[in-house]
Each structure stands twice: as structure tokens, then as C-alpha cells.
Amino acid sequence: MPEYRSKTSTHGRNMAGARALWRATGVMETDFGKPIIAVANSFTQFVPGHVHLHNMGQLVAREIEKAGAIAKEFNTIAIDDGIAMGHSGMLYSLPSRDLIADSIEYMVNAHCADALVCISNCDKITPGMLIAAMRLNIPTIFVSGGPMEAGKVIGVANIQPERRLDLIDAMIESADDNVSNRQVEEVEQNACPTCGSCSGMFTANSMNCLTEALGLSLPGNGSYLATHAGRKELFLEAGRMIVEITKRYYEQNDETVLPRSIATKKAFENAMTMDIAMGGSTNTILHLLAVANEAGVDFKMADIDRLSRVVPCICKTAPNNHDYYMEDVHRAGGIFAILKELDKAGKLHTDVHTIHAPTLKDAIEQWDVTNPENTRAIERFKAAPGGVRTTQAFSQNRMWKTLDLDREKGCIRDVAHAYSQDGGLAVLFGNIAERGCVVKTAGVDESILKFTGRARVFESQEDAVEGILGNQIVAGDIVIIRYEGPKGGPGMQEMLYPTSYLKSKGLGKACALLTDGRFSGGTSGLSIGHASPEAAEGGAIGLVHEGDTVEIDIPNRSIHLAISDEELAARRAEMEARGSKAWKPKNRDRYVSAALRAYGAMATSADKGAVRDVAQIER
């Protein structure tokens, strides 16, 4: 039977000093002996997805105390990728994932906490907390802040029809010379109307949905709107449940509640299957690989490639389809509706554990909104947007009269009526990316699934943006942006601005983009990222010359630099001859801080999740 970790600092004569300090935090004499639950919040006023989390930690903490445990809240950092986008701030986004994981490990282990509640929401916070959960392997529950409501705009002088929109619309239209200043202003003012993570299936919402598929959060975690009063119950339930599973582990020796017992290889395959089926962000591949690595699970790019070939796309939302947003996914039954359709098609391992049900099979049955007996599920998924600008959580209680149960033409479809039988994400291999690169196929027009073009090579995102806005790119070009990987950036910037600007120039379906960097979850189009190995690690993307021909074949999962093996070898030898200047960008003027240099020194390429190679410390 495992002992409560907290006994280390709360029991014994030699811990009198520690107990004195615990008392100073409000712990009473009768509390000693109760489990100590760490509540890792990520509130910040910098990020709309986190601006409403200020009171969430204490909401959970009070429920933990009612259930018979001690709750202690602390905070982690949270970077807004949208605000950091397009300038040097984006270099810090991915490295922050490791800082978040480390900070949680430090706090939990330093204070000997017994269990953990992770209050996350946006892009790097959820994966950072997942990495920490796998590293610590103590009872853990995730509860996120929830998605933002979709924006709405009537149109200038009421001439245009009403349309829904999001952050990406603001970025694209601001760079389109055909859009007036007044129209841009209207889009800007309406794109992000409420608190919460951006309203489409971008990285934040994708990751929060994946915590449901992994079995580490409650149903609705990824889709229940941040503004809806009903979401409060998720926080309260998380507070009660963490105490229950903590006691099951420490007092009943039930290891099935531990993160590593829940997030097995089967669970990672389920999460990736669901991600492919809903056309999630390509960043999810990066993060799932990193989380699996921390969990000691043998889950690699080859597994993702295998799944991508057999899983259809049955849910298609913004940015891939502007008919649907997260609020529509919720109305259709949320993530468990997607899981149900995948299960019916035999695409899931349903014998895995979850924190809230003995098996995933049980959970799917309990949260099936098509079963009229599941009244709790039906009521939860009727939650609707309020349509009022706000930064306050739980500020409205509007409900849909009916759910979207149309599995033929609705938001979530059955496999027979899938948006496409080919999944929403794919891994490509070839001489330009020997260890793979990734593309969100859900966002690629069918006309360019096979594409051959002329390479236009840029050694930084900044140069690429200048080239695109300077009209240097024409139809048929393939924009190559290299030395932007985890090591080469360092920090693996997102390339949302280059892809958005290609669209604003009318080239969204006429060009491709390949990079060893990554993309925002808001990216769509023929945008291929995570080229591995990256240029700074000796990857062949660093050997592409201006004007080379690159051949992309998504159906056959290939990407090829059209030169001979002999020519490629000769270019590699020429690069190596540069000595200390080899595999480094030419003429790039970029300030790199000591913190970023430290990250880059240990960073691995994207095919390994861009995790730190800690083995270097031992060498």
C-alpha cells in the first residue's frame, strides 16, 4: 500500500518546522493526515483563454476541502501564441511547455503533494501540464477554461450577410488590400468576443479535447463554452473526483487511477485517432509525442502515419470549415459523440481506463446523447453561446432547444458519411524529410493534394513574410522556411502569418509551404511543417536550393526533392565543408537570449516531440 507523499512533511518530530509553516498557510490541527492536493492554475491577464481562471483554483480548492482533503493552489506561466505571433515573442512559446512542466514538478515534489488538479486552457499550457502529470505519476485530473464563443459580424452597413468568424479571419483580412480599413476594424472588434480559448479546432481546443480521449478529464472539457454557467460543474466535479481517486490509490492501492495507467499506448492511439478524425492542429502531433515520451510509451511518428491511413475525417470545424465552431461540436454531443462513431467503426481501444468511468466503453455509453435515457449528457450538451461580449466565466445559461444529432450532414458525422475517408492529418516521408513531416489534410483543397512546384527558399520566417508581402511569390511556388525548428530557431516558431498572407494574396490554393518550424492550429492550406530532421540538425531541408523542384503527394504520403541521390550527397558534403558555419542560417540577424540558447542546445527535432535530450547532461 503506497504511503501518502505528504507524510514526509507533515509527520514526525523532525518536521515540526514544516508543520509550523503549514499552519501559517491555514492548515488546522485536524487537517494533518489528510491528503494534500496541489491545484496548478494558469491564470493570467495576458491571455483571453486564461483571463477568467482567476477564481477557478479556489473554486476547485473549496470542493476538495469539502471532500476531506487539503487544497493548495499555485500558478504557472501561460503565453498567448496569438499575441506572440509574428515577432520574436513566438520564439518563447514552445520552450514555455518545458518550463510549465518543470515548474509543476518543482512545486509538487518540493511540497510532497499527493495529487494534482491541472487548470489549463491554451496552446502550450495543457501539453506542459500533461508532461508534468506523466513525470510525477500521481492522481491527476485536468479541467480547462473552455472555448471562446465564435465571433459574429453583420457586415459593413448591413450590406453583407451575417457570418461567424475567429482570430484567423482578422489576420487574413488585415493583409488583404481588397478589404477596407472599416471592414478590417469590424472583423478585429468581433473576432474574439469572449473569454476562452479561440473558437475553432485550433491547438488549445484540440489539446483539451485530447485530454478527454486520453481519459484524464471529464466529458465536455474540450467543448463546453467558457462563458456557460453549466461549465462550473466541471470544476466542482473535478474537485470531488480528485479526492476520490487519491484515496483509491493511497488507501486501496488502486493504480488504475494513475496517469501512466490511464495514458497507455492504447490510449495514445485513441487520442491520435480522434485527433485525425476531427482534423485537429498539427501541433497535437508534436505534443502527443512529447507526452508519450515522458510517459515511457513507445508512440512514434510511424504509429501516427499508420493511423492516418485508416481513420476518416468525421468532424470538420474552423479553420478547415467555417460552418462549424467548437460550440457546434458541443451541440452535436462533444468529443464522446466523435468517439462513439469511431467505436462503431471499430477504430478505438475501448478497454482502457478513464478517471471517470471504469473503461472508455462505459464512458461512451454513459455520455451518448443519442440515448434518450442519458438525460445528464443531453442537458450538458445543450449548452449554447450567449452572444454577449464578456471576460467572465459562467456568465450566461442559454440552452439550445435541440441537439444536432444529424450524423449524415451535421457537424459530427458517422463514418459512412464522413467529410472524407482520408483522415484530417497525415505524415509525409521523403528525401527532404527522412523522419517525416506533417500536414493538416482537413485544411487542404482536393485540387492540390498532389502538388509540384518551384522552391523559394527563406532562412527565416521574417524573410518569408517580407517576400510574400513584397509579391515575390507566385502561383506554383513552394515556400521553404528553414532554420526555424526547435534547435534552429531556436523555439520552433509557428508560421501562421506566412500562411495567412499567402491566402490574403489569393495564393492559398496555388502555393505550398514547407518548414522545419510549425503551424498554428488556425492554419489551413497546403502547409507542411515539422520537417525532420530539421535544418540545424543536418536535415535535407537545409540542402534545398532556390528554384529546385519539390514534389508533394499527400495520397501516397510522400514529399520529394527532385534531385539525384548523388547530387544530394554532394550538397551535403559542400555544407559540411563550411565547418562551424555549417547547418546555420545565412545572413539572419536575430537576437537569441541565454534562455533560448539553453533550450536550443538540448532540443530534439519535431519527430521526437521537440523534447529536451537530457542525455546530453550525462555526456
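Backbone N, Cα and C define each Cβ position, glycine as well.
From a predicted model like this one, the values you see are computed outputs, not experimental measurements.
These features come from Swiss-Prot:
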ACT_SITE  Ser520  active site, proton acceptor
BINDING   Asp81, Asp123, Lys124, Glu494  Mg(2+) binding site
BINDING   Cys122, Cys198  [2Fe-2S] cluster binding site
MOD_RES   Lys124  N6-carboxylysine
### Message
Out of Asp81, Asp123, Glu494, which of these binding-site residues shows the lowest number of other CB atoms within 10 Å of its CB?
### Response
Asp81
## Note on the structure
Expressed in Å to no decimal places, the gap between the Cα atoms of the residue listed as 'active site, proton acceptor' and Glu494 (Mg(2+) binding site) is 6
### Task
Indicate whether Asp81 (Mg(2+) binding site) is helix, strand or coil by DSSP.
helix
### Message
With Cβ-Cβ distance below 8 Å and at least 6 positions apart along the chain, what are the contacts of Cys122 ([2Fe-2S] cluster binding site)? List them in sequence order.
### Response
Ser42, Val47, Gly49, His50, Ala78, Ile79, Asp80, Asp81, Ser197, Thr203, Ala204
### Message
Is it possible to get the count of other C-beta atoms within 10 angstroms of the C-beta of Cys198 ([2Fe-2S] cluster binding site)?
### Response
32
### Summary
Close in space but at least six residues away in sequence, with Cβ under 8 Å from that of Lys124 (Mg(2+) binding site), the same-chain residues are Ala78, Ile79, Asp81, Ser93, Leu94, Ser96, Arg97, Ile100
### Surrounding CB atoms that lie within 10 Å of the CB of the residue listed as 'active site, proton acceptor', all protein chains
28
### Query
Excluding Asp81, Asp123, Lys124, Glu494 themselves, which residues in that chain have a Cβ inside 8 Å of the centre of the Cβ atoms defining the Mg(2+) site?
Ile79, Ala84, Met90, Ser93, Leu94, Cys122, Thr203, Ala204, Asn283, Ser520
## Note on the structure
The rounded CA-CA distance in Å from Asp123 (Mg(2+) binding site) to Cys198 ([2Fe-2S] cluster binding site) is 10
### Summary
Students should find that the Cα atoms of Cys198 ([2Fe-2S] cluster binding site) and Glu494 (Mg(2+) binding site) sit apart, in Å rounded to an integer, by 16
